[in-house]
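Trainee: What Swiss-Prot records for this protein is below:
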DOMAIN    5-239  domain 'ABC transporter'
BINDING   Gly37, Ala38, Ser39, Gly40, Cys41, Gly42, Lys43, Thr44  ATP binding site
Amino acid sequence: MTAALHIGHLSKSFQNTPVLNDISLSLDPGEILFIVGASGCGKTTLLRCLAGFEQPDFGEISLSGRTIFSKNTNLPVRERRLGYVVQEGVLFPHLTVYRNTAYGLGNGKGKTAQERQRIEAMLELTGISELAGRYPHELSGGQQQRVALARALAPDPELILLDEPFSALDEQLRRQIREDMIAALRANGKSAVFVSHDREEALQYADRIAVMKQGRILQTASPHELYRQPADLDAALFIGEGIVFPAALNADGTADCGLGRLPVQSGAPAGTRGTLLIRPEQFSLHPHSAPTASIHAVVLKTTPKARHTEISLRVGQTVLTLNLPSAPTLSDGISAVLHLDGPALFFPGNTL
């Protein structure tokens with residue numbers, strides 16, 4: 001199967017400062033990839049290089065086997081067959097929704113019957129057929145983003161690029177628009193690359209996620225694999241919350257840390273030092289009379305919240321604060337048992 005997108009060893013610097021450093025990844029036909037990372041890690045620059053708005057220093061980019069950038073090739077934006085949706089939509093204020101969508105076809109008019117049919121199909125797909133005669137200033141933020149997607153889809157591009165398209169919307173609207181836009185992409189069979197800073201969004205909607213840091217891709221994997229088997233501590237902490245401790249491995253598949261001796265997931269040899277990470281949902285708290293226990297704790301303080309209970313505990317010399325979705329009613333100062341569900345993650349060489 002020919003990859004919908006292939007990036008090989010892509011690098012880009014601005015004024016001798018590396019922004020992209022040896023980026024390589026591939027995207028299957030119909031796949032939705034989310035690129036996540038902290039601000040300034042190079043996500044948007046990567047999208048701009050794919051679109052042709054920035055020229056990489058080195059590397060190759062191909063779409064469905066067709067080279068669009070290499071040492072000897074640099075196709076202009078209009079010849080790359082890419083759709084691009086940015087944060088604010090960027091619609092033409094003097095054009096109606098219909099004409100903005102038609103602009104994606106190159107002439108802004110939709111002259112032929114085939115073009116008009118395509119425009120109407122994209123308006124229907126994105127749920128804005130009834131808005132065809134309106135101007136951008138008459139639309140909500142969510143409606144403007146739907147128009148931007150319709151315009152990007154109109155010329156039937158090989159790939160859609162979306163740069164944080166939901167970040168300017170309020171939470172409730174963001175959720176609805178996000179679900180509708182991704183459903184439209186899947187219904188149209190389009191491969192797409194989303195840039196996002198929202199890890200929950202990526203975990204819920206991506207087929208795969210690429211985690212970036214300082215111009216490099218730390219890991220590309222399915223949401224489940226990335227969360228359960230992160231390649232390193234940076235990827236683990238970016239994609240989800242974690243409680244970390246310095247630790248040392250034992251020969252029996254355990255590690256010694258501030259909570260005592262815990263089972264770990266690691267193939268490193270005994271004696272290896274590094275960082276142990278536990279996901280918050282792995283913890284559960286039980287009365288001291290619980291039949292099984294590996295971690296004995298003293299409850300310091302419990303604070304009920306809207307969706308969870310915040311509990312401060314002392315385990316030996318370690319003070320730990322957990323947000324548990326459900327917890328037994330325990331008085332401050334009482335002894336309790338902290339149960340760990342499954343092994344902790346261990347990252348060699350990552351010392352705190």
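Including glycine, each Cβ sits where the backbone N, Cα and C put it.
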Trainee: Using a 10 Å cut-off on Cβ-Cβ distances across all protein chains shown, tell me which of the binding-site residues (Ala38, Cys41) has the largest neighbour count.
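Mentor: Ranked by Cβ atoms within 10 Å, first place goes to Cys41.
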Trainee: Note down the number of other Cβ atoms within 10 Å of the Cβ of Gly37 (ATP binding site), including every protein chain shown.
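Mentor: Result for Gly37 (ATP binding site): 25 other Cβ atoms within 10 Å.
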Trainee: Restricting to the same chain and to sequence separations of six or more, state which residues have a Cβ under 8 Å from that of Gly42 (ATP binding site).
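Mentor: Lys12, Val19, Leu20, Ile23, Met212, Gln214, Gly215 - these are the non-local Cβ neighbours of Gly42 (ATP binding site), listed in sequence order.
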Trainee: Ranking the binding-site residues Ser39, Thr44 by other Cβ atoms within 10 Å, which is at the bottom?
Mentor: Ser39
Trainee: Among the binding-site residues Gly40, Lys43, whose Cβ has the fewest other Cβ atoms within 10 Å?
Mentor: Gly40
Trainee: For the ATP site (Gly37, Ala38, Ser39, Gly40, Cys41, Gly42, Lys43, Thr44), what does the 8 A shell look like? I mean other same-chain residues with CB within 8 A of the CB centroid.
Mentor: His197, Met212
